[in-house]
Amino acid sequence: TIVIDHEECIGCESCVELCPEVFAMIDGEEKAMVTAPDSTAECAQDAIDACPVEAISKE
């Protein structure tokens, strides 16, 4: 399961840009959310690796 730590997320949107099928921005907030937590899309790992504050993880 892919999760985002919203305390750590800075809203840079890199995960959304890299993997829009798994991540989206929360309306009205500068935070990302996971729209497909059980996705196996390769880009999800790219987004995890690219997160500048390491807010995304797999559990």
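Positions of Cβ are set from backbone N, Cα and C atoms, glycine also.
Summarising the annotation, Swiss-Prot assigns domain '4Fe-4S ferredoxin-type' to 2-28 and lists sequence analysis as the type of evidence. Averaged across the domain '4Fe-4S ferredoxin-type' (2-28), the predicted model reaches a pLDDT of 98.
What Swiss-Prot lists as [4Fe-4S] cluster binding site is Cys9, Cys12, Cys15, Cys51, and the listing cites similarity to another entry. Taking Cβ-Cβ distances under 8 Å and a sequence gap of 6 or more within the same chain, the neighbours of Cys9 ([4Fe-4S] cluster binding site) are Lys31, Ala32, Val53, Ala55.
Within the group of binding-site residues (Cys12, Cys15, Cys51), the Cβ with the highest number of other Cβ atoms inside 10 Å belongs to Cys15. Residues of the domain '4Fe-4S ferredoxin-type' (2-28) grouped by DSSP class, helix first, strand second and coil last, total 5 helix, 6 strand, 16 coil.
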